[in-house]
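Listed in Swiss-Prot for this protein:
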- 1-41: topological domain 'Cytoplasmic' (TOPO_DOM)
- 86-114: topological domain 'Cytoplasmic' (TOPO_DOM)
- 136-155: topological domain 'Extracellular' (TOPO_DOM)
- 174-183: topological domain 'Cytoplasmic' (TOPO_DOM)
- 205-222: topological domain 'Extracellular' (TOPO_DOM)
- 244-269: topological domain 'Cytoplasmic' (TOPO_DOM)
- 291-313: topological domain 'Extracellular' (TOPO_DOM)
- 335-361: topological domain 'Cytoplasmic' (TOPO_DOM)
- 404-411: topological domain 'Cytoplasmic' (TOPO_DOM)
- 433-448: topological domain 'Extracellular' (TOPO_DOM)
- 42-62: transmembrane segment (TRANSMEM)
- 65-85: transmembrane segment (TRANSMEM)
- 115-135: transmembrane segment (TRANSMEM)
- 156-173: transmembrane segment (TRANSMEM)
- 184-204: transmembrane segment (TRANSMEM)
- 223-243: transmembrane segment (TRANSMEM)
- 270-290: transmembrane segment (TRANSMEM)
- 314-334: transmembrane segment (TRANSMEM)
- 362-382: transmembrane segment (TRANSMEM)
- 383-403: transmembrane segment (TRANSMEM)
- 412-432: transmembrane segment (TRANSMEM)
Amino acid sequence: MTYTANDEENKGRSTDNNNHRQMDYNDWLPVTASREAKWYYSAFHNVTAMVGAGVLGLPFAMSQLGWGPGLVAIIMSWAITFYSLWQMVQLHEAVPGKRLDRYPELGQEAFGPKLGYWIVMPQQLLVQIASDIVYNVTGGKSLKKFVELLFPNLEHIRQTYYILGFAALQLVLSQSPDFNSIKIVSLLAALMSFLYSMIASVASIAKGTEHRPSTYGVRGDTVASMVFDAFNGIGTIAFAFAGHSVVLEIQATIPSTPEVPSKKPMWKGVVVAYIIVIICYLFVAISGYWAFGAHVEDDVLISLERPAWLIAAANFMVFIHVIGSYQVFAMIVFDTIESYLVKTLKFTPSTTLRLVARSTYVALICLVAVCIPFFGGLLGFFGGLVFSSTSYFLPCIIWLIMKRPKRFSAHWWCSWVAIVTGISIAILAPIGGMRHIILSARTYKLFS
């Protein structure tokens, strides 16, 4: 078989058309549609993604682990995930002339086009979906608490209706075209997360000065229950460091040049975000456990009742925050769904396609949130099941494959410590989380 000049010309035209179509797709997909983000966008996007519902569960995790193990787990998790996040920022442009804009693309570079995609994509989607389920539950519970504190005569309204109301709001916000279009929502969410963390800390300290436990034991009446609760506590802490699943996608929105690669402004934002994260986490975890001991609720704000106006304000701030967190995590799901629809199924990119796809996702998340509104168990179960992988050990495995650090060097040791820790969490935490869900389900009535 021979090729003519016309064949070569047609082949070149076909390649140009494919490249043009690919470029058009990237201009429409939410992750790559805009690359005009500033360094501080990455700061508040990361705070919004990280300081989510998980921070309110940290005193509960402390009550399951105790003072020493609880603080060690939080600080160690912060250090490990700070390191693994640095690895991901560095790997974003590790291949010359190419930007790895999405977590699955990084996996493909490390493990191969097919294997890499199927190793990373399902785990990333599970993180995004699990986060949105928890945020839907948290948004509904926080709004209910806010309303009941201000209007006690409305206590009869079911939690289900508040979860539905939160989902209705997400239906509207989910039509935002790309990551940068939700920057105001994300900024407001980041601000709220810091404020309600400080309110929870100050209110807990005030409560503790009036009356606090004389001893600080751990939950559980039997050795078995203590062990399972400890597993759940580890998963809850892992859930609090879930932001890695959106890091590359956030970095993809930042412009990059040979003189100023995207990793420089991105890392600047990450450092600011992680300083805010550890301040919020330690303040809330220590003050909440100090004030309530083993009797703290899985959401520390539920344990706080006075002053009513302050706790109402904190719950409303949580509600505002999880609105933004939901969007940050959902944007990656939207990108995956829409990419599949236009690239594989050959749908034409349109507003109608976006409306149908995103609305379907929000509705399904809401359905699960209504059926399984067990905040504490969800944190532990999902935190161990998939968050430990995407935040703790998967970035380190990819780093070892792509960068090949010298054996027994600092990076080699740090990576292996993170890998062993992450795998241990992945094995133990879901056991405790599932047990907590089963115990909660015994007293739960559907659509209550």
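Just so it is clear, glycine is given a Cβ too, placed from its N, Cα and C backbone atoms.
Note on the topological domain 'Cytoplasmic' (404-411): DSSP counts are 2 helix, 0 strand, 6 coil. Comparison of 42-62, 65-85, 223-243, 314-334, 383-403 by number of C-beta pairs under 8 angstroms to the transmembrane segment (412-432) places 383-403 first. Between the transmembrane segment (383-403) and the transmembrane segment (270-290) there are fewer than 3 Cβ pairs closer than 8 Å, counting only pairs 6 or more residues apart in sequence, which means the two stretches are not in contact. Remote same-chain residues near the transmembrane segment (184-204) are listed as 41, 43-45, 47-48, 51-52, 55-56, 59, 173, 176, 276, 280, 283-284, 287-288, 290-292, 300-301, 303-304, 307, 310-311, 313-315, 317-318, 320-325, 327-328 (criterion: CB distance under 8 Å, separation of at least six residues from the stretch ends). Residue counts for the topological domain 'Cytoplasmic' (86-114) under DSSP, helix first, then strand, then coil, are 17 helix, 0 strand, 12 coil. The stretch from 42-62, 65-85, 156-173, 270-290, 314-334 that makes the most Cβ contacts under 8 Å with the transmembrane segment (223-243) is 42-62. Between the transmembrane segment (314-334) and the transmembrane segment (156-173), three or more CB pairs separated by 6 or more residues in sequence fall under 8 Å, so the two stretches touch. Across the topological domain 'Cytoplasmic' (174-183), DSSP classifies residues as 5 helix, 0 strand, 5 coil.
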